[in-house]
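> First the structure, which I've put down as structure tokens, then a few questions once you've had a look.
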């Protein structure tokens, strides 16, 4: 089977790669296992030196890498370069802080547990498999790779099949930085080949960012093998606007929140709950901003957002919009597939969305916003929590009591007050319910793939 780069602006295949044979996959697993025996005995200082060098290389090649990302999956050149530089920043963060995150700890004085010496240490697990998506082809993989490698693990990356060049670039990047041969490798395989990898005893843990269906399959396989796993799945993130908020700022940020990455982000806001006292004003500003956003060539600096990454993805988005329209939702802007080549979809705002519509509960991975009127913060929170997902949320209020209540009551992995949901290297990222389990980034993320070992001395 060939794995291809297809230009989402034209649908034309740009480059193809042969999928790895079973023998090639076996060789890569064996190399990863052999590399672990070496890497686990290196010092934090050595690994940090290699990681910083890899970050140096990435920064020096940021323009080239941005063009690669934009060409493979369609995000604008500006956001692609930002992703490349953010990835380098994440690499430097773990190079600088991994030793602190994983330094031995003494939970209580040794005498309290009848010991002369007591400490807890954090040992690497071994080979870790990462199954990563196409929407942030560099950042998603780096936020796994950087902490895993700095902890002393080795990594195998099974990337999405439509971003093979990004995957291969990452496979080379860490080797160019100085990490031992086999420490981080890319597997060009199909999705059906993932479960046998999870079943392989040499792979000690697995992390996946992707759909609920894919996460469920990984969780089942990992559970069957009593194997560590971390899942970052879908999101139905909310954007709540209360009367005390700066409405002009909130509306402008709401456009960004929905259109980031052409709406193809788990943490892109999808449900907008606006208090009735400011609803009309917000709706006018928001719909105007969405309607003015330009979908176009990601390499053109005037473009607001690019095409969707796949033809199937665009069709899925349009089917959700069509279902809502047929059941009575009003389309305030957008809502139609444009003529011409490329997998473009316009910025779309729906009102009058009801529970019988698929988009009410299903994640829409594209530039479509559902706008709702609420009478109180409590109603907004109740609606927010009435979802199978719980990844993150954004709440706009200048009332401290409201902010505190939202932070306490919203069922999500994150609550952002007067700001957009984002991921930062130093801050844990993840969700609950169907949005997954475990955490990425920060001290919490790096500790997902270590053995927490108690050392007690009589």
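Placed from the backbone N, Cα and C atoms, the Cβ positions cover glycine too.
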> Record says 134, 135, 158, 159, 160, 161, 210, 211, 233 bind NADP(+). Source is Swiss-Prot. Which of 23, 355, 363, 379 does it list for that same site?
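Of 23, 355, 363, 379, 363 joins 134, 135, 158, 159, 160, 161, 210, 211, 233 in the NADP(+) site that Swiss-Prot records.
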> Enter the number of other CB atoms within 10 angstroms of the CB of residue 233 (NADP(+) binding site).
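I count 26 other Cβ atoms within 10 Å of it.
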> Measuring Cα to Cα, tell me the gap between residue 158 (NADP(+) binding site) and residue 232 (active site, proton acceptor) in whole angstrom.
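On Cα coordinates alone, these residues lie 15 Å apart.
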> Determine the most Cβ-crowded residue among the recorded positions 160, 210, 266, using a 10 Å radius around each Cβ and all protein chains in the structure.
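Going through 160, 210, 266 one by one, the largest Cβ count within 10 Å is at 266.
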> Determine, to the nearest whole angstrom, how far the Cα atom of residue 134 (NADP(+) binding site) is from the Cα atom of residue 266 (active site, nucleophile).
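One finds 12 Å between the Cα atoms of these residues.
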> In Å, how large is the greatest distance between any two Cα atoms among 134, 135, 158, 159, 160, 161, 210, 211, 233, 363, the listed binders of NADP(+)?
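Largest Cα to Cα distance for the NADP(+)-binding set is 24 Å.
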> What's the CA to CA span in angstrom from residue 232 (active site, proton acceptor) over to residue 160 (NADP(+) binding site)?
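With the alpha carbons as reference points, the distance is 15 Å.
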